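Asker: Pasting a structure below so you can have a look.
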Amino acid sequence: MGIELLCFFFLFLGRDDHVRGGCAMEGAETCGDCLLIGPQCAWCSQENFTHPSGVSERCDTPANLLAKGCQLTFIENPVSQVEILKNKPLSIGRQKNSSDIVQIAPQNLILKLRPGSEQTLQVQVRQTEDYPVDLYYLMDLSASMDDDLNTIKELGSLLSKEMSKLTSNFRLGFGSFVEKPVSPFMKTTPEEIANPCSSIPYICLPTFGFKHILPLTNDAERFNEIVKKQKISANIDTPEGGFDAIMQAAVCKEKIGWRNDSLHLLVFVSDADSHFGMDSKLAGIVIPNDGLCHLDSKNEYSMSTVMEYPTIGQLIDKVVQNNVLLIFAVTQEQVPLYENYAKLIPGATVGLLHKDSGNILQLIISAYEELRSEVELEVLGDTEGLNLSFTAVCNNGTLFPHQKKCLHMKVGETASFNVTVSIPNCERKSRHVIIKPVGLGDTLEILVSPECSCDCQKEVEVNSSKCHNGNGSYQCGVCACNPGHMGPHCECGEDTLSTDSCKETPDHPSCSGRGDCYCGQCICHLSPYGNIYGPYCQCDNFSCVRHKGLLCGDNGDCECGECVCRSGWTGEYCNCTTSTDTCISEDGTLCSGRGDCVCGKCVCTNPGASGPTCERCPTCSDPCNSKRSCIECHLSADGQPGEECVDKCKLAGVTISKEADFSKDSSVSCSLQGENECLITFLISTDNEGKTIIHNISEKDCPKPPNIPMIMLGVSLAILLIGVVLLCIWKLLVSFHDRKEVAKFEAERSKAKWQTGTNPLYRGSTSTFKNVTYKHRDKLKTDLSTDG
């Protein structure tokens, strides 16, 4: 017993108690109500554990209850647990008796769950070797499948031969389908009804829905004989009644011959789509498919013209319920359509069928090998409101979260699945859930039972003396009062109560409207927001102001509606820090000397100042230059400043200090050029009161006075020298010009040559002129003749 208590002790300490007071705030007054709050809550049934008015304090986390003084034996805290009822080991190798095969473990268990908690269990699946196989060949016998029918006449022998390599226990059967024999799916003239192929012309069977022709048998020759006797039929529209046939083949277990301990393969062969659901309303058929077997004495579907086609959902339910694995062998045009169907139907596969079904044997073998390489779980039963999640642990321990399927498994390998189950509440009683591998008959049956009651509820003291003269029943540490009585111990009568003592003032509501008056004392209500307290329930710790959504800015405690700030914080919202670290500028001054530090932020007071530490101020004077008048006056006074210097320093807001003991790290170094061209250096610092102090004033690099005589002498000599140089240059230019002119003259004189002819300047004394009015001789003769 001691070891068990020790184990429970550590279990309680490890439970979730991260929400302080979260259980107590819900105000649970009974053990059952406490458990419904959450899996982290427990109830203390110890007598006199809390103040009579604090019944809800009994509901808390286990760790908090232990800290309050509740003994471990009185803590009611049912935990989720798994109780395995049946767990046979998985079968290994070949089994002589198929009934002894175990392919899933465990097989039966009870799962007790606290609402809000979860429990994880491991499920293992191993497909056994040489597992029996039942294969039912369901063929479309519409006219377009004529060549396919001829191809499979020897399929039975070939299929049995190939399957014998995979299993020693193989059976096969045969069935066929066409379409519902009603208009508009077929022609209704007497000739067309008797022979739907009369227009070809060709003799074929009348249209039929589904025929079960050969039950499952291990006689392959019998299968061949049956197939050879089959004839085609015909219908009008392209979709066929294949889903009607699948439904009957799945649910007519006895007539088909499905065994309990075998792999059920249904090979569906067609070259067309299938009708489903309400397609039959075109023929006036409105009765929903009931999902039951309706094969008559001739093994034909008797309700083909009465019931609708099954819906996809109905088909999935019946196929899964009867562990049937569908293999859709369809032509190229139909593959995409049936792949969509296969995605909805667990365990279904799709294979490409050649036009004449020439590859049907290889298609079946490949589909069988694919199905045997996959392990997939499916969940059946009452799962409404139940939360289940799966994690597949496949080859080499590889984890696949949120998956319940393992691929590329070899027969004999084990696939594990971690199944996590939880329930949200206690609204429903026990549920029955089944987890099984797709296509296999082995199942894991789970009874999910909610843990919503306490053991102490089974022990009730009616009219107990612990409840004030037997005025109530004592259960789980508290009293449930009889009618007419109330109070923690049923000590108060309802007809004698007065609420005056529970009012702060006569015009105030009882217990401030936030509590109940029991026997003249306020029992404050519990609130999910915090604690309500005070003699009149007038105080709480959650009605204070908030900053950025946080109570008292998360920097203080709410006491009776007012924020009490913690150290380092102030203000109504406790959002104002008293620290000035964030206000110190790079030069070490508070807000650069241009503002005040308010709530950890600089409030700039100088006009034009801005920035986090008021460091930017285009209109502000230079902090060094603004002290110039004080500094220069101090230097000119040779260390003995007068009243004029004191006024200038006071106006500049500085104090001159000769002390050498000061912090140079927080000081600002300044350099100014004085009126005498000297370099003035000094340090500026700020004391604790924010006053500016100047240290270490000094002058250096002062220029010497100029030598006037030497400057004048130098200037005079320079002027004289410049004049001489200019005169020399002028003389050189004139000489050069004269030389050039003389040379030119000499050159022209040497070229002159005087001739001995007439003087070109001489003019003769006689001049000859031509009379422009003179006429020629002919003209003169004419004139003379005229005169004569």
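Keep in mind that glycine also has a Cβ here, set from the backbone N, Cα and C atoms.
Here's the feature list from Swiss-Prot:
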type     : residues : note
CARBOHYD : Asn48    : N-linked glycosylation site
CARBOHYD : Asn97    : N-linked glycosylation site
CARBOHYD : Asn260   : N-linked glycosylation site
CARBOHYD : Asn387   : N-linked glycosylation site
CARBOHYD : Asn396   : N-linked glycosylation site
CARBOHYD : Asn418   : N-linked glycosylation site
CARBOHYD : Asn463   : N-linked glycosylation site
CARBOHYD : Asn471   : N-linked glycosylation site
CARBOHYD : Asn541   : N-linked glycosylation site
CARBOHYD : Asn575   : N-linked glycosylation site
CARBOHYD : Asn696   : N-linked glycosylation site
TOPO_DOM : 22-709   : topological domain 'Extracellular'
TOPO_DOM : 731-788  : topological domain 'Cytoplasmic'
TRANSMEM : 710-730  : transmembrane segment
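Describe the structural context of each listed feature in the structure shown, including burial, neighbouring residues and relevant distances.
Answerer: With a cut-off of 8 Å between CB atoms and residues at least 6 apart in sequence, the same chain places nothing near Asn48 (N-linked glycosylation site).
Note on Asn97 (N-linked glycosylation site): other Cβ atoms within 10 Å of its Cβ, all shown chains, come to 7.
Secondary structure at Asn260 (N-linked glycosylation site), taken from DSSP and collapsed to helix, strand or coil, is coil.
In the three-state DSSP scheme, Asn387 (N-linked glycosylation site) falls into the strand class. Shown in sequence order, Glu118, Val421, Ser422, Ile423, Pro424 are the residues of the chain, 6+ apart in sequence, with a C-beta less than 8 angstroms from the C-beta of Asn387 (N-linked glycosylation site).
The Cβ of Asn396 (N-linked glycosylation site) has 5 neighbouring Cβ atoms from other residues within 10 Å, across all protein chains displayed.
When secondary structure is read from DSSP and collapsed to three states, Asn418 (N-linked glycosylation site) falls in the strand class.
In sequence order, Gly470, Asn471, Gly472, Ser473, Asn482 are the residues near Asn463 (N-linked glycosylation site), counting only same-chain partners six or more apart with C-beta under 8 A.
The Cβ neighbour count for Asn471 (N-linked glycosylation site), using a 10 Å radius over every protein chain in view, is 22.
For Asn541 (N-linked glycosylation site), the same-chain residues that are 6 or more apart in sequence and have a Cβ closer than 8 Å to its Cβ are Gly530, Asn531, Tyr533, Asp557, Cys558, Glu559.
With a 10 A radius on its CB, Asn575 (N-linked glycosylation site) counts 22 other CB atoms from all the protein chains.
When other Cβ atoms within 10 Å of the Cβ of Asn696 (N-linked glycosylation site) are tallied across all protein chains shown, the result is 14. According to DSSP, Asn696 (N-linked glycosylation site) is assigned to a strand segment.
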Asker: Provide the three-state secondary structure of Asn396 (N-linked glycosylation site) computed with DSSP.
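Answerer: Note: Asn396 (N-linked glycosylation site) is helical by DSSP.
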Asker: If you average the pLDDT over the topological domain 'Cytoplasmic' (731-788), what number do you get?
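Answerer: Overall, the topological domain 'Cytoplasmic' (731-788) comes to a mean pLDDT of 70.
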Asker: Taking Asn260, Asn418 as the glycosylation sites to compare, which has the smallest set of other Cβ atoms within 10 Å?
Answerer: Asn260
Asker: Looking at the glycosylation sites Asn97, Asn396, Asn418, Asn575, Asn696, which has the shortest Cα distance to Asn260 (N-linked glycosylation site)?
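Answerer: Going through Asn97, Asn396, Asn418, Asn575, Asn696 one by one, the closest to Asn260 (N-linked glycosylation site) is Asn97.
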Asker: Rounded to the nearest Å, what's the C-alpha distance separating Asn696 (N-linked glycosylation site) and Asn575 (N-linked glycosylation site)? Just drop the number here, would you?
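Answerer: Counting only the Cα atoms, the answer is 42 Å.
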Asker: Nearest by CA distance to Asn418 (N-linked glycosylation site): which of the glycosylation sites is it, out of Asn97, Asn396, Asn575?
Answerer: Asn396
